[in-house]
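J.: If you look up TrEMBL, you'll see 7-28, 79-98, 119-143, 163-190, 260-283, 290-310, 316-334, 346-364 marked as transmembrane segment.
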Amino acid sequence: MFAKSRQLILAPLITGLVAVVLVALVRFGNDTAAHLYLTALFAKYHRLIFWDNFWYFGKFQFLGYSYIYYPLAAFTTTWLPPILGLMAISGVVSSFCLKLRAISWNGVDSDRPGFLGSYFGTISTAVAIGVPAGALILTGAYPFLTSLAFASFAIVAMNKRSWVSYCLFLILAGATSPLVLVWILVGVTFSAVRFLTKESANYHPIKVAGLGSAWLRAKKALGVLLGSSITRIGMGLPLLGLFGDYEISKYFGIGGKYPFFGSDLGLVLGFSLILLVVVNVFVDDGERAPIVIPTLLYMAGSLILFTVSTTLGGNIARVGEISPILIAVLYLFSKGSTRGPKSRKVRLAVFALLYLLGVGWEFISIEAPIFDPSAAWLTNSSNWSGLVRVLKASYPGQRVEYVDSLLHEGSYFLANSQIPLARGWFRQSDFNQNEIFYGVRLTSREYKDWLCSNQVRAVILPPAPYDYSSQREAQIVASPSTYLVNPIKIGEFKVFEVAGCPSAPLQIRSIGVTTISVSIAKAGSYLLPINFSPFESAVGAKIARAKGGRAEISVSKGGNYLIMTGY
């Protein structure tokens, strides 16, 4: 009893400690800048500002992304909600391990007998789960990590068949991060398959012999599954939530595409195949299905998302960030199995190797430059003050391009200082609108055309390292050119003025969070260098959606116009 309590408490405590230490040492994760900016945006206006002109030529910021995290972060701190979410999921995973009787608390399955075996088994399990869980704070995916707390409670409520609580936590989880609904579906699938194998002991999904009898068993088992509350409520509600999120994104044109590279697909398929082999070797026949079926579904989903461009895209490969936890759970899951090598040392060595590979994949997925001094320099707010002063004095209300650094710090420090950015940090929007940075080798001519067409007045080159989409851009900016002139060095930054753009009848005068002032030479219809929003309006002008999602303004005479772009 005491050992069980120790693990349930120790794993979340280790998770919280690791997360706090990493935040103190590193501070910025891959997505931190974006969430700092959106939290500051909420704190400034005391509400969710659905439209913002300071990123990506104007975009919906909170709509379809997170409605709960940013109010929580504004009233607490940016890091507290995700740390609590990680501690919650760590506790639920520990509870799950105990429920499966993965550890023998009387010491029989321990390398050490009696109480000490139980004690050291508790510590090793808590560390194996808690450390990689805490390291997830480096992803900077704070809304998603916060939603893990609600998702954890939803899974617990489902297993207890407390459907009112399940619905409540499911709504909270989906409103914090719709992406977590996918992971809830994975958890529900695992529970549903375990329920299925208990209800129909003769049904083994991976048997292929005796197709006739197998079909009858499958048909019977499927009937049992479809009639269960786990399927009707447990799976139905997350699917309904995902459909609702899709419809919102479709109606408001939020969407976008997230890249899914072949290397990521290779890691996904490789990890999944290793998992299937390990399950086949180390797990008894009757216990395989809850692991095999979700893994096969995950592989199939990854192949589909690799083929079809979606907003989820390569995000499905982020399972690599939790792969050490999955390996640790699988090891505990297999300890009571009669399959595999009889030697405990061989079993432990195999899973230790897999665990280390999982740790490596986790840190590859996180992409946090922990030991890079240049990245650390960019996270210091005092290093940005001089740059902000120069940009506000030289280009007031004008759009600038920040050559994206690895941790995207400009998305926070510049946008939060009321400096409009041509890009920002939301990969779906960036890939969708600025695909020239992701395709074949970018040329200097293409880059100039992009700057001019979007009326970018200055380019800021920070010190390396750069985001992979900006490495070629950094080479172009650093090379001599006729259109990037009058360089100014401010600390480690270099600022270039954009010159040589053809004269346009519509010119940006200034850009605000939800307003844009333009000067138009004469009557006519003109493409605005901003994205279309159904809330855009201007006195004396008509605004409509143009091809490619941009806005088009029609005026009966020339003059200055103030366009309201949000509410």
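Cβ atoms are placed via backbone N, Cα and C, with glycine included.
Help me picture where these features are in the structure shown.
T.: Sequence-distant contacts of the transmembrane segment (7-28) (same chain, six or more residues past either end, CB-CB distance under 8 Å): 79, 82-83, 86-88, 90-91, 93-95, 97-98, 103, 122-123, 125-127, 129-131, 133-138, 140, 368, 370, 375, 379, 407, 409.
Proximity of distant same-chain residues to the transmembrane segment (79-98), defined by a Cβ-Cβ separation under 8 Å and at least 6 residues beyond the stretch ends, is recorded for 4, 7-8, 11-16, 19-20, 23, 69, 72-73, 125-126, 129-130, 133-134, 136-137, 141-142, 145-153, 155-156, 325, 329, 332-333.
Outside the transmembrane segment (119-143) by six or more residues, the chain places 3, 6-7, 10-19, 22-23, 26, 28-35, 65-66, 68-70, 73, 78-79, 81-83, 86, 89-90, 93-94, 97, 102-103, 109-112, 176-177, 318, 321-322, 324-325, 328-329, 332, 355, 358-359, 362-363, 365-366, 368, 370, 407 with a CB less than 8 A from a CB of the stretch.
Beyond the ends of the transmembrane segment (316-334), by six or more residues, the same chain brings 93, 96-97, 100, 102-103, 125, 128-129, 131-133, 136, 139, 182, 260, 264-265, 267-268, 271, 275, 278-279, 282-283, 287, 291, 298, 301-302, 305, 340, 347-348, 351, 354-355, 357-359, 361-362, 364-366 to within a C-beta distance below 8 angstroms of the stretch.
Sequence-distant contacts of the transmembrane segment (346-364), counting only residues of its own chain at least 6 positions beyond either end whose CB sits under 8 Å from a CB of the stretch, comprise 128, 132, 135-136, 267, 271, 274, 278, 282, 320-328, 330-331, 334-335, 340.
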